[in-house]
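The domain 'Acyl-coenzyme A oxidase N-terminal' annotation in TrEMBL covers 17-132. If you look up TrEMBL, you'll see Thr138, Gly177 marked as FAD binding site. Under the heading domain 'Acyl-CoA oxidase C-alpha1', TrEMBL lists 278-439. Annotation comment: TrEMBL describes Glu424 as active site, proton acceptor. Residues annotated as domain 'Acyl-CoA oxidase C-terminal' in TrEMBL: 479-656.
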Amino acid sequence: MEGVDHLAFERNKAQFDVDAMKIVWAGSSHALEVSDRMSRLVASDPAFRKDNRAMLGRKELFKNTLRKAAYALKRIIELRLSEEEASMLRSFVDEPAFTDLHWGMFVPAIKGQGTEEQLKKWLPLAQKMQIIGCYAQTELGHGSNVQGLETTVTFDPKTDEFVIHSPTLTSSKWWPGGLGKISTHAVVYGRLITDGQDHGVHGFIVQLRSLDDHLPLPGITVGDIGMKFGNGAYNTMDNGVLRFDHVRIPRDQMLMRVSRVTREGKYVQSNVPRQLVYGTMVYVRQTIVSDASTALSRAVCIATRYSAVRRQFGATGGNPESQVIDYKTQQARLFPLLASAYAFRFVGEWLKWLYTDVMTRLQANDFSTLPEAHACTAGLKSLTTSATSDGIEECRKLCGGHGYLCSSGLPELFAVYVPTCTYEGDNIVLLLQVARHLMKTISQLGSGKKPVGTVAYMGRVEQLMESRSDVQKAEDWLNPSAVLGAFEARAARKSVACAKNLSKFSNPEEGFLELSNDLVEAARAHCQLIVVSKFIDKLQQDIPGKGVKQLLEVLCSIYALFHLHKHLGDFLSTGCITSKQGSLANDQLRSLYSQVRPNAIGLVDAFNYTDHYLSSILGRYDGNVYPKLYEEAWKDPLNDSVIPDGFQEYIRPMLKQQLRNARL
Ligand SMILES: CCCCCCCC/C=C\CCCC(=O)SCCNC(=O)CCNC(=O)[C@H](O)C(C)(C)COP(=O)(O)OP(=O)(O)OC[C@H]1O[C@@H](n2cnc3c(N)ncnc32)[C@H](O)[C@@H]1OP(=O)(O)O
Ligand SMILES: Cc1cc2nc3c(=O)[nH]c(=O)nc-3n(C[C@H](O)[C@H](O)[C@H](O)COP(=O)(O)OP(=O)(O)OC[C@H]3O[C@@H](n4cnc5c(N)ncnc54)[C@H](O)[C@@H]3O)c2cc1C
């Protein structure tokens with residue numbers, strides 16, 4: 001039935017102010033207003049149609065992406081959109097494109113690693129898109145091990161130029177998005193060599209293609225690396241391969257904020273830490289955490305709405321069958337994901353604050369919080385993207401058979417999202433970075449250096465090694481200090497156990513390799529503690545709106561107790577809670593799920609997604625799923641004709657053959 005809200009009865013059940021929750025989700029009334037306006041602008045414009053992506057071949061798909069990118073820029077200029085509005089508009093276009101790398105990595109790399117002069121020269125060109133750039137770091141042979149990159153950048157004092165060269169096959173740049181077909185420029189990372197001395201990896205601005213005819217410049221070989229996972233999905237992006245054959249660039253195209261090469265060829269380090277060369281990765285990892293909440297909330301919105309529409313079993317006395325959302329098993333799989341989406345939103349907000357704070361300090365030459373920023377961005381990027389990828393797949397299963405249809409929106413969302421577990425740092429490699437930070441923190445405890453920020457709890461390690469939870473009844477687990485106490489004790493004990501085991505090795509690096517599984521687990525426990533504690537911190541703020549704060553408290557408890565239940569072995573084996581307390585947490589969790597149930601549709605409506613953005617028949621706002629699924633099936637190209645191509649050629653003769661055999 002067109003125009004009827006099939007989910008109205010669910011919306012009427014909500015016990016909280018959904019509009020106020022929309023503001024909390026968006027971050028502010030202003031952010032909600034902008035995102036609402038931009039999402040509707042995109043949704044109402046047929047030029048941004050995206051429901052046909054799974055059907056398009058690679059070339060058509062890619063051309064379509066270029067058309068949308070050009071059209072988006074045209075609209076941004078015509079409507080005189082601000083930077084904030086433009087970035088929102090691009091995100092609602094919802095299609096991986098070269099522009100993501102241009103705005104998300106090329107521009108930030110120049111901003112973060114360029115000198116004032118370099119910013120003045122390159123930023124206006126990039127901002128007007130008179131040049132298009134990408135981030136060319138990874139090579140065929142090395143991605144995680146950045147120090148292992150092989151591209152050489154050798155200073156030639158005779159000509160005052162650098163000579164860039166790809167000395168081996170494995171030194172070919174491989175993966176950079178936007179590189180394959182579109183970028184005119186790249187920030188290229190390679191080993192800087194002056195006077196025969198290797199100074200390690202540095203960034204350089206390199207022109208790749210002519211601004212006149214777009215052909216590769218002399219000495220440059222460049223192309224696309226081929227189809228990736230999923231049909232539409234990430235294949236709208238031209239991930240590329242790039243080789244240099246003694247390509248020359250002027251000396252002033254080395255990004256020289258961290259270190260520079262003088263006219264005489266002298267290598268000079270400035271007073272900023274060399275790790276700032278990795279600064280763009282820190283920036284992007286931070287944005288990836290907020291994006292995780294967006295991707296997970298999309299999947300959860302689809303699965304929640306569909307779970308309220310879908311009915312199976314339980315028809316009694318003329319009543320309809322049960323909505324699948326009422327099954328406790330469905331709730332126990334779905335509601336922790338709903339809680340995680342909110343948790344990642346708030347930890348993403350906090351991480352953005354942390355990043356901005358670090359940047360402000362860097363301007364004043366205060367580098368003290370850089371290790372904390374690196375560990376938090378690496379750890380939270382890893383935790384949230386792994387949970388989101390698994391969560392999207394769980395949402396597909398929560399939608400039963402129909403979740404497997406492309407028209408559910410979930411297969412494409414998964415295919416586009418899952419590489420986040422790898423790009424911008426493999427998730428295990430990043431957790432090992434967190435573990436290094438934790439081990440370093442513990443090793444410095446005796447020196448009187450007080451741990452600060454997210455590792456501050458390590459300063460109470462002696463107390464945390466002894467603490468016992470005082471939870472006596474299920475409701476005690478609603479107390480934030482009970483939850484925090486348990487998560488802190490678990491994280492501290494896991495790290496301390498690793499540190500003790502490490503100290504048994506005469507070679508610490510050997511020990512680190514041998515114990516890496518335990519170290520990864522300790523890092524995960526630490527990152528879960530950060531998420532829980534930032535959710536609790538958020539609830540200390542003034543949050544207006546009927547029932548909004550109460551419901552967020554429920555979600556916070558679900559996030560924490562779900563993880564306590566899931567990792568019960570950890571909590572029990574480290575002795576911070578008893579098995580009785582573990583089972584009380586589980587009892588409390590059941591009661592919390594019942595409190596979410598009437599509010600579930602309201603909680604996903606608060607994400608304020610348009611049907612265009614969700615791109616899912618199962619997740620339609622009006623819940624009118626079956627007629628639309630039925631209608632959609634007939635749009636498949638296979639249904640253009642009653643008899644498919646190939647039938648007469650291959651199947652008809654087969655059928656005739658069988659007929660003959662039957663007659664024999
Ligand atoms: C609106 C914006 C939207 C943008 C969205 C765009 C999305 C587009 C889609 C996809 C983009 C994908 C792009 C990419 O993938 S780019 C390539 C990314 N590559 C990686 O992430 C590589 C991962 N590897 C590393 O980061 C590092 O190599 C390493 C794992 C950290 C190891 O490095 P290294 O061996 O040099 O370092 P050490 O372990 O020896 O550590 C040395 C000390 O440095 C500290 N460190 C390391 N990294 C950092 C950092 N980033 N910042 C600050 N400090 C860092 C480390 O802790 C050590 O410190 P210590 O005090 O112990 O000496
Ligand atoms: C879709 C996509 C887009 C990308 N875009 C860009 C881009 O724009 N620019 C760019 O420069 N790069 C880009 N990349 C590359 C990306 O950053 C790397 O692939 C990523 O950093 C992982 O590195 P790797 O491929 O070398 O993995 P590897 O390090 O080879 O990982 C393989 C396996 O080894 C394990 N492993 C590796 N090292 C260790 C260790 N020390 N301890 C334990 N286990 C380890 C990993 O956990 C993993 O299981 C992109 C990649 C993808 C998939």
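Cβ atoms here come from the backbone N, Cα and C positions, even for glycine.
Distance noted between the C-alpha atoms of Glu424 (active site, proton acceptor) and Gly177 (FAD binding site) is 12 Å. On the 0 to 100 pLDDT scale, the model's mean across the domain 'Acyl-CoA oxidase C-terminal' (479-656) is 97.
Neighbours of Thr138 (FAD binding site), defined as other CB atoms within 10 A of its CB across all chains, total 18. Under 8 Å, Cβ to Cβ, and six or more positions away along its own chain, Gly177 (FAD binding site) finds Pro96, Phe98, Asp100, Leu101, Cys134, Tyr135, Met237, Asp238, Asn239, Gly240. The residue listed as 'active site, proton acceptor' has a Cβ environment of 25 other Cβ atoms inside 10 Å.
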